[in-house]
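Contents: one structure, followed by commentary.
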Amino acid sequence: MAASWRLGCDPRLLRCLLGFGSRRSPELVKGAARWSVGRGASWRWFHSTQWLRADPIKILMPSLSPTMEEGNIVKWLKKEGEAVSAGDALCEIETDKAVVTLDASDDGILAKIVVAEGSKNIRLGSLIGLLVEEGEDWKHVEIPKDTGPPPPAAKPSVPPPSAEPQIATPVKKEHPPGKVQFRLSPAARNILEKHALDANQGTATGPRGIFTKEDALKLVQLKQTGKITEPRPTAALPTTPAAPLPPQAAATASYPRPMIPPVSTPGQPNVEGTFTEIPASNIRRVIAKRLTESKSTIPHAYATTDCDLGAVLTARQNLVRDDIKVSVNDFIIKAAAVTLKQMPNVNASWDGEGAKQLPSIDISVAVATDRGLITPVIKDAAAKGLQEIADSVKALSKKARDGKLLPEEYQGGSFSISNLGMFGIDEFTAVINPPQACILAVGRFRPVLKLTQDEEGNAQLQQRQLITVTMSSDSRVVDDELATRFLESFKANLENPLRLA
């Protein structure tokens, strides 16, 4: 950046500051830099252009969601040399949730695009571009050598052990000549050990030479009929004295295993039994990681009930006559929000030490997109009316499918709802979306004949429209008794739409 100073002082003082002697010329030209000292004026000035250039502003890969670790550059919206104002869209970044626009935080000129569009798996904190101030020579901006993310904090060094541990060499089991080493199934191994039989006395009939349970049972029958004798005990093999092994050899040393032909051969898609690897997007990888963590770390419990939608369908028809379009799913969201307001203990999460009740009722609604499942959030759903919920769901679902959700539109949430009724699914169980404690799985509504009584007590068959809902809950936060009471209240609220007003 060109920098200039105006100094209102005597030229002799400037000469001293610049290191000039009294006999030096008041003007000095060296390379592309120029100093000059004016004479006969009320002010003096000093100007430098090359030696005081500011460093460019770094544009780093930002963290656009709590679970984001990497990002993809989908498209650059500005070109090199183009002026940028604070708030202008610089580029589109695909996160683990959606495609988000990165806005500029400073005014200037986009000098360098360090990471081209289409680049994938860019770590957080990596340099993706450089910005300079207006008037700078943006064409000659140098790219820093270190463009990667900052290194993690150094861990305290652990002193090496005083002596190398001695690892005994594993003794290889020698097989007598003429014997074949079979691969035993667990059941077959148990039977052979129980009856003191040797697999070499029989024949392996399993796939790829596996000695199966049936093969072991045949040996037992032959032994019982006297057609085979028990194997003679062999002399114990001499053992080798313990000797130290290098770490790599110690890690790979094991008993020999029979050679098994591979099930598939990568790289040959036309060969039977092979596969084609499908590249996973950031969203797919994060979904897989979070689902695995959820099922392996959260104790899931399930509770199921049926709800009669007769009153909801009637109320929906009445609203349509007034040109108010709401779906059955909007009624379900509203019923869940009202129930959470009545039972705030369910509107909670587990923070590692205990349950934490959440202040706002924010409903996450699962939306299927080409990039995977994403859950936009209906903020403060208990305070919204049916029409507001319907409008929010439509707008957020469209943005989710277009990949235009903002981070604040899918982050957070205190309770999730996943509805597969439109796909003809009667009922299912869903995986909890951490750190939330519950998710409600909703199936399709279906006609069912039920035996009821009229006002006079006479039995009669009536057709009812039922849906099955299953709540998955974190047992650390919502126990079975609390989950049961929640579903009872949810059912009562949904079957009586007037309670939702």
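Yeah, the Cβs are placed from backbone N, Cα and C, and that goes for glycine too.
Annotated in Swiss-Prot:
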COMPBIAS  147-163  compositional bias 'Pro residues'
MOD_RES   LYS97  N6-lipoyllysine
MOD_RES   LYS194  N6-acetyllysine
MOD_RES   LYS394  N6-succinyllysine
REGION    141-179  region 'Disordered'
REGION    227-252  region 'Disordered'
TRANSIT   1-53  transit peptide
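Taken residue by residue with DSSP, LYS394 (N6-succinyllysine) is part of a helix. Put simply, LYS394 (N6-succinyllysine) is 18 Å from the residue listed as 'N6-lipoyllysine' when counted between their Cα atoms. The separation of LYS194 (N6-acetyllysine) from the residue listed as 'N6-succinyllysine', Cα to Cα, is 65 Å.
Highest Cβ count within 10 Å among the modified residues LYS194, LYS394: LYS394. Mapped onto three states, the DSSP output places LYS194 (N6-acetyllysine) in helix.
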